[in-house]
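One structure below.
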Amino acid sequence: MKGIILFISCLMLIDVVVESRDAYPADWRGCKFSCFWGSSSWCNEECTSLGGSSGYCAWPACWCYGLPDSVRYYNNKCHK
């Protein structure tokens with residue numbers, strides 16, 4: 001039983017240390033990367049080049065999964 005608790009605790013610690021987020025990546029102004037329907041392959045390439053696990057076009061902007069914390073993401077200040 002102690003082994004199971006230790007294992008679960010380690011998994012939780014790894015999740016805290018290797019944190020990532022799902023978000024709209026942003027350019028230098030804080031604005032989203034625009035895309036159109038059917039450009040999911042372009043968004044996937046952009047997201048993986050930023051260190052994310054994958055991405056797709058959630059029109060009108062790219063949505064990325066697993067972005068590292070160091071990547072800038074959309075924060076509503078751009079109003080676009």
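Placed from the backbone N, Cα and C atoms, the Cβ positions cover glycine too.
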Disulphide pairing with CYS62 per Swiss-Prot - partner from CYS43, CYS78: CYS43
Candidate cysteine (CYS35, CYS47, CYS78) that Swiss-Prot pairs with CYS64 in a disulfide: CYS47
Recorded disulfide partner - CYS57, candidates CYS31, CYS35, source Swiss-Prot: CYS35
Residue with minimal Cβ packing [other Cβ atoms within 10 Å] among the disulfide-bonded residues CYS31, CYS35, CYS43: CYS31
Candidate disulfide-bonded residues CYS31, CYS35, CYS57, CYS62, pick with smallest Cα gap to CYS47 (disulfide bond): CYS62
Structural state of CYS43 (disulfide bond), classified by DSSP into three states: helix
